[in-house]
Amino acid sequence: MEFREQVLNLLAEVAENDIVKENPDVEIFEEGIIDSFQTVGLLLEIQNKLDIEVSIMDFDRDEWATPNKIVEALEELR
């Protein structure tokens, strides 16, 4: 499975919503797809399943606003 697909699957799992895979440009926070509690869960899952550590200090809601932006940010960190 390619990295992008792994990230989108993980995001869909945390969000409990496949819209993140169907529309990777959806504004996940603005649309209420992911809340702050799920954000913490997402960061933990990224660390556990992708072995990429993202501290809450490195997390910027604007830079992580869409699934596509999350994939890009994680590609830079891996």
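Any Cβ shown, glycine's included, is placed from N, Cα and C.
Feature annotation from Swiss-Prot assigns domain 'Carrier' to 1-78; the stated evidence is sequence analysis.
Summarising the annotation, Swiss-Prot assigns O-(pantetheine 4'-phosphoryl)serine to Ser36 and lists sequence analysis as the type of evidence. For Ser36 (O-(pantetheine 4'-phosphoryl)serine), the Cβ neighbour count at a 10 Å cut-off comes to 9, with all displayed protein chains included. Mapped onto three states, the DSSP output places Ser36 (O-(pantetheine 4'-phosphoryl)serine) in helix.
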